[in-house]
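Peer 1: Quick one: this structure, given as structure tokens, is what I'll be asking you about.
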Amino acid sequence: MVKPPRCTQSLTRMATTAGGILPFLLGLLPLTWLDTAAGYSDFFMDCANAIELKNFSGLPSHDSYTSCLAASSPGAATKYCLGELTAFGGVAGLTAGLCLPKQCSQGDLEEFIETTCAAPSCADIIEELQPLCMVVQGVLCDPKNRTAPAHNFQLSCLESTTPDSKKGQMLESTLACGGIDAQRTVDSGLVNDLGNWDGCHKLPGAHYCFAGYNPIFISSGQCVADTCTAGKYESMAAFACEVDNCLAITNLIQPQYCLFWKTILCHQAPPPSPFIAAHRWQGRLGSPNDLPIPPEVSLDVTCDYTPPKIGAGTYVMIGISAVITLLIIAATGLSIHLKQRQQREGGGGGGEANADVRLQTINVEEAGKDVARRDEPRVPSLGEKMLLAFSLTDNWAHLAETHTHTGDITCLNGLRAISICWVLLGHVMLLIAGGIPLKDFAETLKVVGRFSFQLVVGAFYSVDTFFFLSGFLTAYVAVKHAAKRGGKINIALAIVHRWIRLSVLYAFVIGVWEFVTPFFGDGPRWPLFVTDLHASFLTGGKESACKQYWWANLLYINNFIPKKFGEICLPWTWYLANDFQFFVVGIIVLAIYCGYSKKIGWYLIGLLLLTCWIVTGTLDVVRDWQVAVLPILFEADQHQFYELYEKPWCRIAPYLIGMIGGLLILEHREAVRERLVGLTRYGRLVCHALAAGLMLFVVFIQYEANKSTAEPWSPTATFFYNAFSRSVWAVGLWWIVVCCATDMAPWTNKILSLPVFLPFARLTYAFYLIHLPIIAIWLFTRRDVDYYYDGLVAVYYPAFLVLGFSVATFFYLFVEAPFMNLDKLLLANLMRASDEGARIAKRKDESGGQASSAESLMDSSGATPPGRRAMRHNGEPHSTKTDERPTAALLSA
């Protein structure tokens, strides 16, 4: 018998305790001091001596790693390895750190285990090693066939080219984050799983870490030791790239995470292993190999998230809301009081008398003017009218009113309501994929390749519908009002009016988003909502995007500043920036059209349209853009999304086509109708079918680019689609509106003009601003993961539709309608002052420059003698709808 070395005697005693089994076994696996006749080679002595030389303690540590490398020499090169022994079917196990000679390998250790398992009896082993033999045969050997090894020992050596200092830091971070009991008791161990957020917060010495992988819409949550910070967690993920065998560190990093990190972050294919079948690997990880993994995947980790504290911004929002609430209460009371007094004084009052009290029914030209009639109740003063702007009952009555007038283009209401519902469908599907951790994310991506799903992808065209409607109404209303004022358009006044109309609710929503919504929820993914959705991606959540760039939003340049979509405050409001910029361009063109030359105005519209096509086509060729939606969403630098989707020079075409439609209907409606009547019935049917076919074509042709077997389109096909598809869509809308306005499509007009659409059309602006926060808050407070199926959308979509319009109604009544009414009063007074000034100037010219002192006083005070005003408007119909509706439509988003 061969006498075992001194280290063998000390390590043998470690086998008496459970915690010492693994260090004991791993330290003595390469035994040459056993009887060489039993099958052991002299080679194992070198490994044993190396372990003894490094004062092997068994447990991995940063110190043991550095000391192992420091002891390496050209004649006795060493390496640091992590070895894991699993027992009882993988239920129990320990990971140890080993300092081994360079030549030692997993195969050598497996050879020792196999030889020991094949020994007939431990009695053949020297007495001192019999406990070791019993442990090896009892733990490492197959219980069904003791002479065959169970292959439950794994070894992984850190031999990559990464600098040793960095590997040491990674190991230290891994030890700080991995291997705690909390992770095994409350977590499922699955990637793309949120774990047990509530259970982790109840465990002492543990806290919850959430990891998001951008831009592949995968997230995971783990319960780790409270010594694990976000930086250490990221370092642990990087450490997986240094390990060649994930099964050797299962007590430090769960194998599913290790394999996932190697695939996603390191782009390393998982090594074949007899312990994890390919189908199990795919199923447990959500099929990461099937994902379109971009070259760079960023890992954003939050481990020490603390709920936000109420700050100055929140108190300001509370104060503003309190003031508005008090104004609404006072205004509602005043409105009820005035109506009751009218009923008492006027014997119940007529509809016209009530209309004089209700602010919404005051004509723009009549707003702010006192009607001096002795037989009618007292008309509210200007101060009372300003207060009545906040009346809840009046604003609700206006919102719910569905009466329309002859000549109104009521089909626009249906287009607006249907389009905002289409916008919601696209955003619900996008946030279900990105807002809910989906276990079958790869399968979810395949849904994009369905033919029917192109209706969801086509929701992008709903934005072009709003651009078309905005351009149509801008031209229709601006030219109509300019005709009443001598063909002049006050460009500055129109822009200021538009800015006020849009910005009040916009600023309020920014304040709610920034200072209020962070208090609306909690859960494992709530930090992602508060950081990634509120802060810029580049600053990593250090500073809020709205705190940095709110001014860009209110100046409507947030499609230029900041330079990336992810940095925008309220990213979806890029549309408002484009729409406002289009309005500025459009109102200047219309001012030239009305005040100078209609021919020049038409030329400018045509030139802008041609420029849009040329610029978009040129960028398509230079940038090598695509049509398929997934490459656009996963594009690393997002050139196509940023330039093709956000920039005004690529999106203005539908707005210009809308302006063309508005001018034709306003000034040439009868001529257009005569041309359409001149067509035969079948000719009109052919035109209807052609318009519908073109609109369906630009939506469903995307199937050829999105289907699973799709090939990239040719440069020519891509050029024509990206340059002209939105214009083709707008031409189809133009045909629909023209036919409805000229009674050439009665059934279509009847459907789109249903009264039920009008209240929803009034809510589109508020709905657009708040629908995404509602969806995000709902989804990011979830504590579980889900599988995608069509029923998920079928449940969520109507729920968000009802919830969205309900919240939009609140914002409309609380902010939008009151300040829209104040804006009307301001505009009416400015317009009245401008009209009075023009009349005084005209009279001065007619009388040789002389003006009466009364007229001078009127001009300076802005007031008109009641009698004169009554005579001037004598005989004019008191409109309660016609003039007010187009103004509201002009300002709709």
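Here the Cβ of each residue, glycine as well, is placed from N, Cα and C on the backbone.
Not my notes, these are from TrEMBL:
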COMPBIAS  849-863  compositional bias 'Polar residues'
COMPBIAS  873-886  compositional bias 'Basic and acidic residues'
DOMAIN    411-812  domain 'Acyltransferase 3'
REGION    841-893  region 'Disordered'
TRANSMEM  312-334  transmembrane segment
TRANSMEM  417-438  transmembrane segment
TRANSMEM  458-479  transmembrane segment
TRANSMEM  499-520  transmembrane segment
TRANSMEM  572-593  transmembrane segment
TRANSMEM  600-619  transmembrane segment
TRANSMEM  652-670  transmembrane segment
TRANSMEM  682-703  transmembrane segment
TRANSMEM  723-742  transmembrane segment
TRANSMEM  763-781  transmembrane segment
TRANSMEM  793-815  transmembrane segment
Peer 1: At an 8 Å Cβ cut-off, counting only pairs 6 or more apart in sequence, do the transmembrane segment (652-670) and the transmembrane segment (458-479) clear the bar of 3 or more pairs?
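Peer 2: As far as Cβ distances go (cut-off 8 Å, pairs 6 or more apart), the transmembrane segment (652-670) and the transmembrane segment (458-479) touch.
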Peer 1: Would the transmembrane segment (600-619) and the transmembrane segment (723-742) count as touching if the test is at least 3 Cβ pairs under 8 Å, pairs 6 or more apart?
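Peer 2: Yes, the transmembrane segment (600-619) contacts the transmembrane segment (723-742).
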Peer 1: What residues in the same chain, six or more past the boundaries of the transmembrane segment (417-438), come closer than 8 Å to it by Cβ-Cβ distance?
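Peer 2: Here the qualifying positions are 192-194, 217-220, 286, 444-445, 455-460, 462-463, 465-466, 469, 525, 572, 752, 757, 760-761, 764, 767-768, 771-772, 775-776, 779-780, 782, 785-788, 792-793, 796-797, 800-801, 804.
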Peer 1: Which listed stretch (499-520, 682-703, 723-742, 763-781) has the most C-beta pairs under 8 A with the transmembrane segment (458-479)?
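Peer 2: Looking only at 499-520, 682-703, 723-742, 763-781, the most contacts with the transmembrane segment (458-479) come from 723-742.
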Peer 1: Considering only Cβ pairs within less than 8 angstroms, which of the stretches 499-520, 682-703, 763-781 has the most against the transmembrane segment (723-742)?
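Peer 2: Highest pair count goes to 682-703.
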Peer 1: Under 8 Å, at least 3 Cβ pairs, sequence separation 6 or more: does that hold for the transmembrane segment (763-781) versus the transmembrane segment (682-703)?
Peer 2: no
Peer 1: Please work out the mean pLDDT for the residues of the domain 'Acyltransferase 3' (411-812).
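Peer 2: Here the mean pLDDT over the domain 'Acyltransferase 3' (411-812) amounts to 89.
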Peer 1: Grab the same-chain neighbours of the transmembrane segment (793-815) for me: Cβ-Cβ under 8 Å, and only residues 6 or more beyond its ends, written as numbers and ranges.
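Peer 2: Sequence-remote neighbours of the transmembrane segment (793-815) are 321, 324, 328, 392, 395-396, 399, 421, 424-425, 428-429, 432, 504-505, 508-509, 760, 762-763, 766-767, 769-771, 774-775, 778.
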Peer 1: Cβ under 8 Å, sequence separation of at least 6 from the ends of the transmembrane segment (499-520): give me the contacting residues as numbers and ranges.
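Peer 2: Here the qualifying positions are 307-308, 310-311, 313-314, 316-317, 320, 529-530, 534, 544, 546-547, 550, 553-554, 556, 569-570, 573, 576, 580, 765-766, 769-770, 773, 777, 781, 811, 815-816, 819-820, 823, 826, 891, 893.
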